[in-house]
Amino acid sequence: MYLIYHGLLILLLLLAVFYDFQTLKISNKIIITGLIIGLTGQLYFRGLLAGTLNFFEGIMIPLIILIPLFVFSMIGAGDIKLLAVVGAFLGYKAVFDCIIISFLLGAVLALVKMLKEGNLLSRLQYLAEYFKEFLITKKIKPYYIPEEGNKNILHFSLEIFLGVLISLVF
């Protein structure tokens, strides 16, 4: 039964990756469907009390941990909600592992992308200037270079998908 349950999570994540690459967003229909299936699975596998608790703990971990990155526009709301779906399915311990794995994968893919595009130093300089400006002004501004458009965006849904696969396999 867990195989079907995990298969549904993988299917939802694949849909999210596809949608993200097409629209730069993750559909709330995918998120809501995932939350409903996640809660249903938690109740089925763990019972009313433990299932409800595991569900809410699982969705809260990504929200609590990743909100600061969202405030600085370093991660999208859809990515956080997608990780909440992962938490709804797998619980707080597994979603924490998935977050770590996803961010490690994201760091590697971002490094490869910057090396490929030859902008590693300029991106590191931009990051340093960004934090320097924040520390001086105490004002939060979106973390992107508007004139570069969507060129530097990573579709983090892909790293989330891969992180979940790695987490489920190992």
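Each Cβ is built from the backbone N, Cα and C atoms, and glycine gets one as well.
Checking TrEMBL for transmembrane segment across the ranges 30-49, 130-149 points to 30-49.
Residue counts for the domain 'Prepilin type IV endopeptidase peptidase' (8-111) under DSSP, split into helix (H, G, I), strand (E, B) and coil, are 93 helix, 0 strand, 11 coil. Sequence-distant contacts of the transmembrane segment (30-49) (same chain, at least 6 residues past either end, Cβ-Cβ under 8 Å): 1-2, 5, 8-9, 12, 15-16, 19, 55, 58-59, 78, 81-82, 84-85, 87-89, 91. Confidence annotation: the domain 'Prepilin type IV endopeptidase peptidase' (8-111) carries a mean pLDDT of 97 in the model.
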